Amino acid sequence: MGTAGMGTAGMDTEGKGTAGNGAGSTVLGQRCRVSGTTCGGTESGSNRDAKGIHAPMAEFIYQMHDVRKTIGEKLILDNVTLSFFPDAKIGVVGPNGAGKSTLLKVMAGLEPINNGDAFLAKGASVGLLQQEPPLTEDKTVLENVEEAVGSVKSMLDRYNAISAELADPDADYDTLLAEMGELQVELDNRNAWDIDSQLEQAMDALQCPPPDTPVSVLSGGERRRVALCKLLLEQPDLLLLDEPTNHLDAESVNWLEGHLRSYPGAVLCVTHDRYFLDHVVNWICEVDRGRLYPYEGNYSTYLETKRKRLQIEGQKDAKRAKILERELEWVRSSPKARQAKNKARLARYEELAAEAERSRKLDTGEINIPPGKRLGSEVLQATDLHKGFDDRVLFNGLDFTLPRAGIVGIIGPNGVGKSTLFKMIVGEEQPDRGELRVGKTVEISYVDQGRAGLEPDKTVWEVVSGGLDYIKVGTFEVPSRAYVASFGFKGPDQQKPAGVLSGGERNRLNLALTLEQGGNLLLLDEPTNDLDVETLQSLEDALLEFPGCAVVISHDRWFLDRVATHILAWEGAGEDENDPSWFWFEGNFADYEANKLARLGEEASRPHASKHRRLTRD
């Protein structure tokens, strides 16, 4: 990767941008500069020598001055001035399409700017995790990951070679010892003596595929995990991450949070994982209509500060204010209040169903889930459920009962049987033993994650609407384009062919197709992937108002805290891999985590992914 410089445009000989002045210079904090304010980290620009962050640092590791960026006719950055310190931890938020990914690409030198200056500190390195990251296709997983530590291994090899040469009585001791001393300093600075251990820990914690797997056969999620592992081992001075938690389970996210909190370089994360933002960053940078707005603190602090900013500015956007107030109400509420709110859903069932039938209309800016037919007393019950494939056991005596108005969050690593459970619920797979009963009044809304039925030449709008201006969503007739827009497909995005959609866009399309069916039991597989914060909040509110039931596979902990009434958690397989442990719990994710700590103790409740297993070759 090496040293990277930022591209510049419109510079005169003094390095000043030729763009207009743009926004005024407002100081919002001593260490955050956006439109004249400095972002994140400490004010010391001193050289650091831990964990491979060894490039000489200026006061700021990165700076923009009056940067203007457009894509076609769309304005992405409007005369933005931005700078931050070498150890800043910044979360970038904003609606889909606001330009967050483009901002990272500009910082990585992959996108040109129209006007202004953008540059990295001299001698510093930058690394970017893209949503669809490039890998070396003719190499294996391990060979790709080892590319990140090639220079370190070369230095170790040379150090060992010098040690052998010193045994020769005719060797030039002074020259060899001088070279060895320089290598030792460099290896110390890079914390490189245990590089094999670092590599195996990262691959294990991020649950990379088997080391000898060709990357050409990997899924999109597997490719992202390999690319993230490789980037973390490269340890650039400026680490740019675009949705780093997508395709990671809760254990891997937990490990990543700890790693980034102690990362000695600067980190910018575009993410919709709100717990991740709460645990990792100390600044939030909001991208809104071409401007950047800095907020000191984590996501919860950002919500409160933004509300005050909107009040000061006289913001009259009723929809955004309403969403913000709901989110703040949730953050402020006590665990007991949250639990009471979930239990109250059952008592409110009749009232909500009747109200929905009378007056519920689609809000063109928010997700609406039609109520479906009234559920009976029996919804879903598993009794002594067993299921496995070949020599692998996925469920070994699972028991649970889903009550009416329940929302179950299913959590666990990839490959432990979550999607198989969905397939058993819809009848695509049968239990090996035991029973999975679906109530007689249950009507299931589910679209398989494989989405094999999508016609690639049809547009997003055509896939959802069938070409009709009005569609039936449950028992309601709604404008089809407004319905599609509520899932983030606005304007020209509705005309995209289904065959060219990214993984995240296909996920949103899948969600729209699922909710369109109007069932009273929703099966949702990672519904929050690639949703911006406003759409996430809209989905959460829609689920809380939904009088039916839902079973949700999700790694979004904030989402599960808000909506889940029950948790079905995979807790490992112990020493016998054919004895998986699943735990059924009444309560949300935070309640479950507290219960797990009380049951298993601190050591047993730590993420399995942070424990090593040997992955490097002998």
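Cβ from N, Cα, C; glycine included.
From a predicted model like this one, the values you see are computed outputs, not experimental measurements.
Long-range neighbours of Lys100 (ATP 1 binding site) (same chain, six or more residues apart, CB within less than 8 Å of its CB): Val92, Val93, Gly94, Asp242, Val270, Val287. Here TrEMBL flags Gly94, Pro95, Asn96, Gly97, Ala98, Gly99, Lys100, Ser101 as ATP 1 binding site.
According to TrEMBL, the feature ATP 2 binding site maps to Gly412, Pro413, Asn414, Gly415, Val416, Gly417, Lys418, Ser419.
Among the features that TrEMBL reports, domain 'ABC transporter' is placed at 62-314 (among others).
Per TrEMBL, the feature domain 'ABC transporter' maps to 380-597 (among others).
Among the features that TrEMBL reports, region 'Disordered' is placed at 1-26.
If you look up TrEMBL, you'll see 150-194 marked as region 'Arm'.
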Same-chain, non-site residues whose Cβ lies within 8 A of the Gly412, Pro413, Asn414, Gly415, Val416, Gly417, Lys418, Ser419 Cβ center for ATP 2 are Asp249, Trp570
Closest by Cα to Ser419 (ATP 2 binding site), out of the binding-site residues Asn96, Ala98, Gly99, Ser101, is Asn96
Taking all protein chains shown into account, the Cβ-based neighbour count within 10 Å for Ser419 (ATP 2 binding site) is 19
With neighbours defined as other CB atoms within 10 A, the best-packed of the binding-site residues Gly94, Gly97, Gly99, Gly412, Gly417 is Gly99
Rounded mean pLDDT within the region 'Arm' (150-194) lands at 81
Integer Å value for the Cα distance linking Asn414 (ATP 2 binding site) with Gly99 (ATP 1 binding site) is 30
